[in-house]
Amino acid sequence: MARQPYRFPQARIPERGSGVFRLTVRNAMAHHDSEMKEECLREDLKFYFMSPCEKYRARCQIPWKLGLQILKIVMVTTQLVRFGLSNQLVVAFKEDNTVAFKHLFLKGYSGTDEDDYSCSVYTQEDAYESIFFAINQYHQLKDITLGTLGYGENEDNRIGLKVCKQHYKKGTMFPSNETLNIDNDIELDCVHLDLQDLSRDPPDWKNSSFFRLEFYRLLQVEISFHLKGIDLQTIHSRELPDCYVFQNTIIFDNKAHSGKIKIYFDSDAKIEECKDLNIFGSTQKNAQYVLVFDAFVIVICLASLILCTRSIVLALRLRKRFLNFFLEKYKRPVCDTDQWKFINGWYVLVIISDLMTIIGSILKMEIKAKNLTNYDLCSILLGTSTLLVWVGVIRYLGYFQAYNVLILTMQASLPKVLRFCACAGMIYLGYTFCGWIVLGPYHDKFENLNTVAECLFSLVNGDDMFATFAQIQQKSILVWLFSRLYLYSFISLFIYMILSLFIALITDSYDTIKKFQQNGFPETDLQEFLKECSSKEEYQKESSAFLSCICCRRRKRSDDHLIPIN
C-alpha cells in the first residue's frame, strides 16, 4: 500500500469583511485625513503670516510684491517731483499775471491788498476815475503791457469790455431829515464796449447816461474782460508751452453804503490747447520721453494692483477654510479679531494708491499732450497716491520689533482717541459758535465761523496768543470782559486738561504695548491654533506605525494547511 504524504493542519485568515474590521479601518483613515487636513491648514496659516524674508527662507518664494513696492516708490516719487516742478511754473505764471493785472487796471494800486479786497475809494471823483482808468488801460493794453498778452473773446464771442451795474430800482433819500423812500428791487444794466467804441475820439461812451451813477442807489459796478497769453518759460524746461485765457473781473462794491467802495480784482486762468505750435529743438523729444516714463509707471502700478488683489483673494479663501475647520472641530465661531487679521489693510492701502496713481498718470499724460488742462485734479491724485505709497513703507518696518511699536500704539489708541475727540469736539463747537456771535463785530479773527475755528485751533497749539488778546476792540467794556473770560477759559480747558488727557491716552496705549512686548501678547484662537505641537517627523512616524498595524494579517490555526511547504 502506497504511503500517503503528510498534510499539515490548515490555518484560517480572519474574515476581513466583518463589520468591526471595516469600522476600525474607516475610523483610522478618517482620523488620518482630519490630521492631514489640520496640518496642511496650519502650515498655510503659518506661511501666510510670515514676513517676505521668512517666506523666502521657507519655500524659496521670491518676494515680488516687496521688490515691486520698492521700485514703485522710486518711480512714483520721481514722477511726482517732475510734475511738481512743472506745476510750479504754472502756478508762478498765474500769480505773476494776476499781480501784473492789478497794477495795470487798478488806479493807485500799492502792490499789497488792503484786506480781502485789493483797494478802495472814498469819493465820487475817485470812483469815476478808477472805472475810466480800467477801461482806458484795456484799450491801450498792447502798448503798455510787458507780457505776451492779447485780447480774448468773452461769453458772447465778442472782443471788448462788458460793464454792468446793479442798483435799486428807484428811491429818494434825505439823511438830514432821516427820510428814506426806496424800492428794494434790484435792476441790472449792462453795456458792451468793443475796441471800435473805445477808439473813438472824443470818447462818447464816457458821456452816456449809463455812467451817470446815483451812488445812494448803486450796489456795485462790474467790469469783465478776457485776455489771452502764452507761457514761454516752459520752453526753458524743455516742455511744450501752455496757452492761457484769463477771465478778469473788477468789482466796485458799494453794498454797504458806508462811504467806502471796495474794489475787488479776480483773475481766473484757464489753460487751453494751443492751436498751432511750431517749436524747433529737443522739446518735442523730451515730451515723448516723459510720456514713456509715465506709461512705465502705469505698468508698474498695474502689476502691483494685480498682485495685491490676488493676495487679498487668497487670504479670503484661507479665512473661509479656517472658519469652517474651526467651527467643525471646536463647535464655535472664530472671534472677530482673528477674522479681521486675514484682511490685510496694507494691501487695501496699496490698491487705493495704485488706482490713484494710474488715473493721475493718465491725466498727466493728457496734460503733457495738451489734451487736458486740469492740473488741480491731477495734483490731488498724484500727491495723495505718493502719500499712501510712503505710508505703506511702515508695513515692512513693522516686521522689526523696534519699529513695530508705532504701528501697534496707533492701532491700540485709535478707538479711544476717536471717542475722546467726539466728546471734545462738542465743547470746541460750542466755543466756536459763542466766539463768532459775541466777538465777531469786535475782532477780525472772529468775523466768520471758518476763521473762528482756525483761530481757536491755533490757540490750542499755543500760536498767536498775545495777538488774539491784543486785537480785541475796547469799544464795549462788557464785551472786553467777556473776551477775557472766554479766551482764558478756552485756553485753560483745552491746553491744560483736554490736550493733556489726549496725550495720556496715547501714552497709556504705548505703555501697554511695551508691557505686552516684554511679557507676551494675549493669545487669540488663531495664535493658539498655530502654536499647537505639529512635529512633522513624529506625525509621520506615528501614522506609518499605526497603518502597518492595521493592515497586518492574523491567521487561524485551522487554515495552516493552505500554507505551502517545500
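Here the Cβ of each residue, glycine as well, is placed from N, Cα and C on the backbone.
What TrEMBL records for 90-275 is domain 'Mucolipin extracytosolic'. The feature transmembrane segment is assigned by TrEMBL to 289-316, 346-363, 375-397, 417-439, 485-506. Annotated domain 'Polycystin cation channel PKD1/PKD2' per TrEMBL: 378-513, in sequence order.
If one looks beyond the transmembrane segment (417-439) by at least 6 residues along the same chain, the residues whose Cβ comes under 8 Å of a Cβ in the stretch are 446, 448-449, 452-453, 455-456, 472, 479, 482-483, 486, 490, 493-494, 498, 501-502, 505-506. Looking at the domain 'Polycystin cation channel PKD1/PKD2' (378-513) alone, the prediction's average pLDDT is 88. For the domain 'Polycystin cation channel PKD1/PKD2' (378-513), the number of residues in each DSSP class (helix H, G, I; strand E, B; coil) is 120 helix, 0 strand, 16 coil.
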